[in-house]
Structures are given as structure tokens and as C-alpha cells.
Amino acid sequence: QSIAQEVMGLLCMIVLTLTALVANTVVMVVILKTALLRKFIFVCHLCVVDLLSAIFLMPLGIISSYSCFNRVIYSIAECQALIFLNVCFISASILTISIISVERYYYIVHPMRYEVKMTIRLAVSGVIFIWVKSVLITVLALVGWPQGNGATSASRCTVYWSPGAHKKVFVIIFSIVCFVLPTIIIFAVYCSVYRVARMASLQQASGPAQAAAPRHRSNSIASQMTIITTRNLPLPRLMPERFLGSNKAILTLVLIVGQFLCCWLPFFAFHLHSSVTAGTVGGGHGEMVVTWIAYSSFAINPFFYGLLNRQIREELARLRRSCLNRPLGQELCLSVSEASVQENFLQFLQRATSTLETHASCISPSPRNRLDQTKMAFPIPGQVPEE
């Protein structure tokens, strides 16, 4: 039974590592290859961090977790290097996710300010801030290590190998800076985004009915039929859109925040409990499980922050077709009603183009279409009016 469990665990580790390698590479290549997608700077940076983690951390994690590699011995310098990479990449990944959340908030609530202030210099400054903060946190983990030629097995190469009171301080600071504060930021930001998206969805649903209502009534049969039509017809169509759009928004919010909590809450809770209660803990089965739950974030992030984006998916399909030398067919375009139901909140969260821009690129610019686009144009509630 133990052999079967180890084989299944090893297969899961290998699958997660390969998924992280392929998914992050694909999203990064698509963003760098397409000029219009290079605005996703922080998403590309997240893919780079997760790809580095899949190259260095996850294979070393397999060696540390699988009993077949118990004879692998690390020197002090090698163990310090492994811990340095572990803490640094984890901090950089979580801080990048936090910055992506704040960037989306400004993109939705302060669109004009975002367009003016979101420059290459600011993006590069954000990336530098992420790495400087990650390195400073990592240095705290390496304080107080013994200066000898000792060695330890790969399974015991953790921050608890070098005991000391400063390890408890480091774990507490590491948990607050890299988990508690990012969780508060992500939850607060996406709740604000959800509020704006829900108000926009409700106003978009009620917009056509209000626009179609006549201002002046008359006693003619045609005007009375118009009043009856505009009152009765939109109701069966708009109510399901409101209901489904709201459920989509809630589901997306739960998935994004829930994925972050499911991956990182067990990891930080375990280390906080181990440092506060036990003080010195060696490698064990519990630490291996929570570590690989956290490592699964490196394989999930490219799907939630990259491939979930409609623009990146379309560009990936276009590149795949061009690589296979297939003729590009007519691009799929969402109707106004479908976009409002299926991608109302996703377009906000993933910085996709608006429904009007997509609709304008898919239909001919006839006078009727121009009139429909004018009717559908509405300000997003919650946005700060800016000059």
C-alpha cells in the first residue's frame, strides 16, 4: 500500500511539474509574440516566476519528497541555496498576484488614470519592487545558519534544519507579508470589482428597455403597440441575463480567491503552527503534502490569469493554426447578450476588450448597428469621473 501511494504521489508531482512547464511557457510566448498582448506585463512576469519555480523548485521538491532519494545529501551551501530559491520564488509569485489584482482594480474603477499612469517605467518599477522585497524576505530565512561543513539529507533541507528563535520570527514575518496582507488585498480588490461589474451588468440589462420606451404617448394604434411591445418583450430575456450574469461574477470571484486560499492557506498555516508550537521540526509527510499543494499554484496560475483571458485564447488559437499551416477561419464573435451573460465579469477581471469593441469588429457599420451601439454605450457605475 505504501509503494502504491508513493507511485501515485510521484505521478501527481510529475504531472504538476510538466503542466507548470508547458502552460507557463505557452502563455509567456503568446504574450511576448503578440504586440497587442504586451500590456499584460505582470501576467507575463507571473508566468516567468512560475516557470522558474517549475524548473528549479518542483524537481528538487520531488527529490526531497520521494523516499527513493533518501540517500541524496545536501551540504549547508546547497541547502541554503534551495531555501533561498524556495522562499524567493514563492514570495515573488504571491506578490505578483497581488499587483495583478490592484492593476485590475485601477483598470476598472479608474480607467482614465490607469491609461495615463500605467507606463513601462511604472511596470518595471513594480517588477523591481517585487524582487527586492522577495530577496529581503529570503535573507531573513538564512540568518543564523551554522558556518561548518555539515550536511543533511534532502528530505530535511528546510528552514527548521537550523534551529533558533529567529526562525519563529521569520515564519511570522513571512506569513504576514506573503500571505495575510496579499489575501486582504486580493479579497478587498475583487469585492470592489465585483460590485462595479454587478452594477454595470444591471444597468446594461435595463438600458435597452429604458432607451426603447417612448417619451411622448399618443392615441394612435402604432404608438400603443410600441408601448406594449417595449413593456412586455424584454422582461423574459433580461431576467435570466441578470441572474446568470450575477452567478458568473460570484463564481469567478470564488474561483480566483478560493484558488489562492486553497493553495497557500495550508502551507502557511502548517509553518506557523510548526514554528510556534514545536520550534524545531524536520521534514515530514505533512510538510511534503502542504508544500506540493502550494506548488500546484505554479501550474494553476497560467490558466486563471492567462488562458482564462479571451484575447490570449484567441491569439493562441491563431498561432496554432498558423503553425499548422491552416487557413484562418472567420473569428468567433460574441453577441451582446452572450457577452453580457458569459463574460460580463470575466472581461472586467481579465482586462478583455469591452462588448462594444468586440461587437463593432464583428458586424458591418450599418446605421442600425451604429444606433444599437449608441444605445448600449453606458458608463460603468462606481468609476471615478475624471478629466
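Cβ coordinates come from backbone N, Cα and C, glycine included.
Not measured: the values here are computed from a predicted model.
Quick look at what TrEMBL annotates:
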TRANSMEM  6-31  transmembrane segment
DOMAIN    23-305  domain 'G-protein coupled receptors family 1 profile'
TRANSMEM  40-63  transmembrane segment
TRANSMEM  83-102  transmembrane segment
TRANSMEM  122-145  transmembrane segment
TRANSMEM  169-193  transmembrane segment
TRANSMEM  249-269  transmembrane segment
TRANSMEM  289-308  transmembrane segment
The transmembrane segment (289-308) in contact with the transmembrane segment (83-102), cutoff 8 A, at least 3 CB pairs, sep 6+: yes
Top partner of the transmembrane segment (83-102) among 40-63, 122-145, 169-193 - counted as Cβ pairs under 8 Å: 122-145
Stretch-averaged pLDDT - the domain 'G-protein coupled receptors family 1 profile' (23-305): 80
